[in-house]
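Student: Right, I'll just put the structure down here and ask away after.
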Amino acid sequence: AENHTLMTEFVLSGLSSHPELRHLLFFTICIVYSMTLIGNLLICMVTVHPSLHTPMYFFLRVLSFLDISTASVVVPKMLVTLQSEDRSISYLGCVTQLYCVVFLAATEWYLLAAMAYDRYVAVCCPLRYAAVMNTRACLSLVLLSCCSGKVVSVVQTAWVFTLSLCGPRRINYFFCDIPPLVLLSCSDTGRYERQLTSATVLVIFTPFCLILLSYGCIISSILRISSAESRHKAFSTCSSHLTVVTLYCASGTLIYLQPRSSNSQEAKKILALVYTTVIPTLNPLIYSLRNKEVKEVLIRGVAVLMKK
């Protein structure tokens, strides 16, 4: 049997097994990736405006940076596999890609929980908001999210690459991720799958429950608002955030709760594409570009550029 220590590289099967779709997929993903970069870079630049120096926009800026990073870790290599006959990725490259994907995904989940907490304090404890969500608290929440993501990533990457990968070196996926790598193992992965289930609950369901709890309190406070227009605006903000959280939760759990399910690999590819490419494109629109304050800053910026 071929041991994982003898493997110097893997071969990615790519996004699709149909050659006739390669060019269409390539140009479509190029457009989506460009939109991801432009949208999130725009948010990063706009939210540094003095009028947007609030915790909410600080978290949005960090979220945009994470979205750019996630797409950039996955998409360029995916585009290469769509156009090139050489679909190989080195062993070290695979380890690095898996580490980065898990780190960014886990960090983003904890950040989403921090953003929900920020909204909870703003709506339910408005008089204490400035004191609770000060600069130190915001930086601490981001740092805690990153440290938690790093711990999860180190543990998961170490677990995967200590498995005996004695199967074929062909990975039926478009990037190095846990489910397709587990399928290469010829050893008993039962213990690892139980550990992965626990990690999935810890990384996805725990923040998800905290987000739901925060928004439960927020909605309860909103219902006590007398103005119908204010209630509608607040509910609109909640529904946007919860829509993205639900997309992340649904795709993440379906991908990672059954890592050895080879029958659903094509479905998992689609879910992974949504998770790593589509959602980062939607986030700027859902979280920021619908926001009146952000749009006003954008309009003023465009007006200044046109005058020049």
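For all residues, glycine too, the Cβ spot is worked out from N, Cα and C.
Features from TrEMBL:
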- 24-46: transmembrane segment (TRANSMEM)
- 39-287: domain 'G-protein coupled receptors family 1 profile' (DOMAIN)
- 58-76: transmembrane segment (TRANSMEM)
- 96-117: transmembrane segment (TRANSMEM)
- 138-161: transmembrane segment (TRANSMEM)
- 201-223: transmembrane segment (TRANSMEM)
- 235-258: transmembrane segment (TRANSMEM)
- 270-289: transmembrane segment (TRANSMEM)
Student: Is the transmembrane segment (24-46) close to the transmembrane segment (270-289), in the sense of at least 3 CB pairs under 8 angstroms with a sequence gap of 6 or more?
Tutor: yes
Student: What residues in the same chain, six or more past the boundaries of the transmembrane segment (58-76), come closer than 8 Å to it by Cβ-Cβ distance?
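Tutor: Sequence-distant neighbours of the transmembrane segment (58-76): 29, 33, 36-37, 39-41, 43-44, 47-48, 97, 100-101, 104-105, 107-108, 111-112, 114-115, 118, 138, 141-142, 174-175, 276-277, 279-281, 283-284, 287-288.
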Student: Check the domain 'G-protein coupled receptors family 1 profile' (39-287) for me and report the mean pLDDT.
Tutor: 84
